[in-house]
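Here's the structure we're looking at; comments come further down.
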């Protein structure tokens, strides 16, 4: 069973709908006992980093999420949820993330051509960089759906797949049991469902 962290922020119902379509057992929860007993965790998120961190802090779940991660429980961050996994974020200030992945989150603006629009929004090709169980159902050159203005700058060893948008944008990141997707798998048609299906199989 996958626990989807309910902290009042995010693309929660579309993620639940995608998992239900795949017949993957899931529950939306902020109950520590449910999270502790889950086989895997999804941390969703859209919106401003500052608000998301504040909401997550208010639930009191951050220490538990870190412990579950340290214990080896599969954890998937989606969109802003992926950005929360990093050490720092520089959206309208400087904020601490969960520190589960090394690196920081920065605005795309200084790194891309002025001709490219921000946010990076729409379909983009996903280029697989490393083997991962997440990609077991994917073909080459599949497309995924992005909506974001900030991107992760971390270890190249953690980039499992990326997309081009003036620079290399980490699309899927991972280190051991910690994984993140910058795009929205739940909005990425059959490609996104294949990724979520693979994640569901990783927790069994």
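Any Cβ shown, glycine's included, is placed from N, Cα and C.
Remember, it's a predicted structure, so these values are computed and weren't measured experimentally.
Residues or ranges marked as active site, nucleophile by TrEMBL: 79. Around residue 79 (active site, nucleophile), a 10 Å sphere centred on its CB holds 26 further CB atoms from the protein chains shown.
Per TrEMBL, the feature active site maps to 184 (among others). In the three-state DSSP classification, residue 184 (active site) falls within coil.
According to TrEMBL, the feature active site maps to 186 (among others).
Looking at the domain 'Glutamine amidotransferase' (4-197) alone, the prediction's average pLDDT is 96. According to TrEMBL, the domain 'Glutamine amidotransferase' annotation covers 4-197.
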The sparsest Cβ environment within 10 Å, among the active-site residues 184, 186, is found at 184
Rounded to a whole number of Å, the separation of the Cα atoms of residue 79 (active site, nucleophile) and residue 184 (active site) comes to 6
